[in-house]
Amino acid sequence: MIWLGIDTANTPLSVAIVKDGVLMMEENTALAVNHSLSAMPAIENLLNKVGMTPADIDRIAVSEGPGSYTGVRIGVTIAKTLAWTLEKPLVGISSLKVLASNVLFFDGIICPLVDARRGNVYAAGYQFDKSGLVSVFEDGHYSLDELIARLTEQEKPVLFVGKDTALHEQALLEQLGHRATFAPLQFNLPRASSLIHAAEHSAREAEVHTFVPEYRRMAEAETNWLKAQGKEPGRG
Amino acid sequence: MTKDIYIVGIETSCDETAASVVRNGNEIISNVVASQIISQKRFGGVVPEIASRHHVEQITLVIEEALISAGLKPKELDAVAVTEGPGLVGALLIGVNAAKAFAFANGLPIIGVHHIAGHIYANELMQPMAFPLLALIVSGGHTELVLMEEHGSFKLIGETRDDAAGEAYDKVARVLGLPYPGGPQIDRLAAESDGVVDFPRAWLESDSYDFSFSGLKSSVINYKHNLEQRGEKVNPHHVAAGFQVSVVEVLTTKAVKAAREYGVKQVIAAGGVAANSGLRASLEEAFGKEEIPFYVPPIALCTDNAAMIAAAGSAMYVDGVRGTLAMNGKPGMPLDSWK
Ligand SMILES: [Zn+2]
């Protein structure tokens, strides 16, 4: 069983090949701001280095968001096109769950976090048990205050993971005190191997043609349109 | 007998998700377009984020349908051609990345096509191009006069300095309270009209082939405003007819002047606004008098489609042009020669 994993949901880029439960190769970078240009060359390079062809891939895992709208779309477009034309199954995994999967064995709440500007974050709450990561509160676009309120409810230690946690470290420490801990740097980038691990344990195989990103937020024009119609905009 | 060449074209530069298979650069085998008009209508125009979301939803379905109706397997293709630019960046890169992934998975070369070159090559699907050739490209995003001396060589001799012709149509339609997209609405009102409001023509400098439509748009707004101030009602038919006649006269006059100056053997019109019946009739009449062959593709090939991208891609393929997996969407891609 050969897995290709692709994560371009935010600024970092990660691609990996896992063969029969063994990580063959992974490329991680926090600098690949232009995924549109660099994601496909990274995948080509990966397959060349491990001596495989696209036809050797058995399954494809992709980070489905939330995150940068454009970033998520690039990964999802590449993944669904490969899965469709190679006729292989596709599994989408939350980009926040990918980050949480970097720090599986924490005893408490694992809180992956990605900055969404203007005091907002994409975040989720997970807890680890024998069956894997269990959702405590769902992936969403939260204001930092909303997120802190949810974490305060839990009365458990919290481990924040993701490179953007640094932006909010002070506020989180002020509010949560000693209950807040922060993952060290080597765990803060999404890893396609973590993505593949989560995908291997997921029962959720995607319907390739209709597969779309989990934006977790409506497009602004859509929100404004709903408001103009006198309807309450939801969470996309 | 030489082997047939099959190219799949992919186009996502604005709000149409399209794929098409073309044989030997001039024969459409399949042509699939998923339009977002119904969705974008709510917003009165194309919203880039909404367009990008739709493209991701449609892209593999559209390419699959193009292959199935062509009765071809990916490996039977010779290359993948995709719109590289110009266009909406977020929209372009859906097509570009799908094209790269598809080409890579099937071991096919990839070719990045300029959207305007695509519009021009839509004509190759109807009759062979003859050089030197003058192309008038008029659409929601473009108003350009392009001179071609041979395949793959494009010389921009005139372009809009502000709004594209189609953009002006949409804006004026909004002023008149007509639904999006405005072009066909104004064309219809103008055709039915029994009177014409006299609006100015923007000729610019006498030696210039450039265009400008924002002044005309302002004239329409001022005209409506003045009437309303006096408590009079605007006749939308007369305004539409006056606006259209001004746009059409400038486009036709400049195209004729350029055709004479460069001694072209063929004139073609392309782009969504080339579907406009008023413009079509005026150009046909003018070039009929000039005795220069003039062509406009059928409406389905004037508006954005992927057959035109496959047609241009085919000519590039024959010319040996190849892209790489590092290709990116280029929103401001210049119309350079591909040679
Ligand atoms: Zn166009």
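Cβ coordinates come from backbone N, Cα and C, glycine included.
In TrEMBL, annotation is done automatically, which means it is predicted and not curated.
As annotated by TrEMBL, Fe cation binding site applies to B:His115, B:His119, B:Asp304. Close to B:Asp304 (Fe cation binding site) in the fold, though at least 6 residues off in sequence, lie B:Glu11, B:Ser13, B:Cys14, B:Asp15, B:Glu16, B:Ala18, B:Val33, B:His115, B:Ser139, B:Gly272, each with a CB less than 8 Å from its CB.
Close to B:Gly141 (substrate binding site) in the fold, though at least 6 residues off in sequence, lie B:Cys14, B:Pro86, B:Gly87, B:Ala164, B:Gly166, B:Glu167, each with a CB less than 8 Å from its CB. Positions annotated as substrate binding site by TrEMBL: B:Ile137, B:Val138, B:Ser139, B:Gly140, B:Gly141, B:Asp170, B:Gly183, B:Asp187, B:Asn276.
The domain 'Gcp-like' annotation in TrEMBL covers B:27-310. Mean pLDDT for the domain 'Gcp-like' (B:27-310) in this predicted model: 95.
In this structure, the CA atom of B:Ile137 (substrate binding site) is 7 Å away from the CA atom of B:His119 (Fe cation binding site).
Listed binding-site residues: B:Ile137, B:Gly183, B:Asn276, B:Asp304. Those with a CB atom under 6 Å from ligand 1: B:Asp304. Apart from the site residues B:His115, B:His119, B:Asp304, the chain places the Cβ of B:Glu11, B:Ser13, B:Thr83, B:Ile116, B:Gly118, B:Ser139, B:His142, B:Ala270, B:Gly271, B:Asn305, B:Met308, B:Ile309 no farther than 8 Å from the centroid of the site's Cβ atoms, the recorded Fe cation location. Of all the binding-site residues listed (B:His115, B:His119), B:His115 has the fewest other CB atoms within 10 A of its CB. The sparsest Cβ neighbourhood within 10 Å, among the listed binding-site residues (B:Ser139, B:Asn276), is found at B:Ser139. In this entry, nothing among the binding-site residues B:His119, B:Ser139, B:Gly183, B:Asn276, B:Asp304 has a C-beta under 8 A from a C-beta of chain A. Across the fold, the C-alpha of B:Asn276 (substrate binding site) and the C-alpha of B:His119 (Fe cation binding site) stand 15 Å from each other. The Cβ neighbour count for B:Gly183 (substrate binding site), using a 10 Å radius and every protein chain shown, is 27.
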